[in-house]
Amino acid sequence: MDKGPTVEAVPTYTKPCPSTLALQTALRSGNETKPTDFILLGFFPEFKYISAMVSIILLIYMATFTGNTLLILLIWLYSHLHTPMYFLLSQLSLMDLTLTSSIIPKMAANFFSGWRSISFLACGTQIFFSLTVAIAECILITLMCFDRYVAICDPLRYPAIINLRVCLQMIAMSWVGGALTSLGHTAFTLHFNICSPREIPHFFCEVMAVLRIVCEDISAYEKAVVITSILVLLLPLSLILSSYVLIFLAVLRVNSPEGRNKALATCSSHLCVVGLYFGPGLCIYMRPGSAKTPKLNQGLFLFGTVLTPLLNPLAYSLRNKEVLSALKKLMGRCQSSR
């Protein structure tokens, strides 16, 4: 039986609803948006025992936090430590706490969570705070050297020259100088065009590591980094070494063996701290081709951000009878209160 000619269905056009159009437009624009987040590759990816290494770093961080906090507490509690030297030392411990706390917790969180992304704002914040504290520490250590120079070479005028107002000016100079210098370098570093996939070969956002993934000529800015390094590292270190030559000459003229030993103990502790702070900085920022050796830089930064803040309170407390006596008093007070 003939069914007759078949009629093909005519396709009809269905107008998409406005919400669908908006969603498609948003997705299209989202795909075209340039990514701003960074990826932190971490340190030593070929190292087999990285979990053990991160665990050790966390233990050192907790010891650093405890040691520096305890040193600040002792200086604040006991009146015989209310001197300019210990006041400046408490600020150095505070800077150590700020530096290590701005880097280590984020690094550990990224490692254990597997989330290596860091936002543009967080990266800029990390660069700013780490640079601010590092530069402020260099300035403060230089000023602490001036404090020791006056105390040993001109002890009679020491109370008039180094007083509370001068100490506050030293601290303000350190923080403001570090913040202003860091602000300029942070802004310049992050305004460059970054190559995809925006992977930073480091365990935190650091200037030299970010510069390695920049897609434009940065030779002029690299000269600015060298000039800043000379002003922040080389010039202060030269002043410190020159001051200590005069200090040691003055110590040799001291008649009392006890006074000579006390002065040498204080100065040797300060020189240890000088080496711990300035050594890694000189190798990272003033060594030719430093940006091309990321593994060495990571090792130096691990030393500077993990070990140096731990060794700083040890250098001043283990060789200082006044700090040890304050620590014994605090432990005795804690035991008697039980």
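These residue numbers are counts, starting from 1, taken along the chain as shown.
Including glycine, each Cβ sits where the backbone N, Cα and C put it.
Those TrEMBL annotations? Automatic predictions, nothing curated.
Positions annotated as transmembrane segment by TrEMBL: 49-78 (among others).
What TrEMBL records for 67-316 is domain 'G-protein coupled receptors family 1 profile'.
Sequence-remote contacts of a segment are chain residues at least 6 beyond its ends whose Cβ falls under 8 Å from one of its Cβ atoms, and for the transmembrane segment (124-146) they are 85, 88-89, 91-92, 95-96, 98-99, 102-103, 106, 118, 170-171, 173-175, 177-179, 181-183, 185-186, 189-190, 204-207, 210, 232-233, 236, 239-240, 243-244, 270, 273-274, 277-278, 281, 304-305. Residues or ranges marked as transmembrane segment by TrEMBL: 124-146 (among others).
Counting only same-chain residues 6+ beyond the ends of the transmembrane segment (158-180), those with a CB under 8 A from a CB of the stretch are 84, 87-88, 91, 131-137, 139-140, 143, 147, 150-151. The feature transmembrane segment is assigned by TrEMBL to 158-180 (among others).
A Cβ distance under 8 Å defines the sequence-distant neighbours of the transmembrane segment (226-251), meaning residues of its chain 6+ beyond its ends; these are 135, 138-139, 141-142, 145-146, 148-149, 152-153, 181, 185, 260, 263-264, 267, 271, 274, 278, 281-282, 285-286. What TrEMBL lists as transmembrane segment is 226-251 (among others).
Note on the transmembrane segment (263-287): residues 85, 92, 134, 137-138, 141, 144-145, 148, 152, 208, 225-226, 228-230, 232-234, 236-237, 240, 244, 247-248, 251, 254, 296-297, 300-301, 303-304, 307-308, 311-312, 315-316, 319-320 of its chain, located 6 or more positions outside it, place their CB under 8 angstroms from a CB of the stretch. Summarising the annotation, TrEMBL assigns transmembrane segment to 263-287 (among others).
Using a Cβ-Cβ cut-off under 8 Å and counting only residues 6 or more beyond its ends in the same chain, the transmembrane segment (299-318) has close neighbours at 43, 57, 60-61, 63-64, 67-68, 70-71, 89, 92-93, 96-97, 99-100, 103-104, 130, 134, 202-204, 206, 269, 272-273, 276-277, 280-281, 283-284, 324, 327. If you look up TrEMBL, you'll see 299-318 (among others) marked as transmembrane segment.
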Given the model, what does the mean pLDDT over the domain 'G-protein coupled receptors family 1 profile' (67-316) come out as?
85
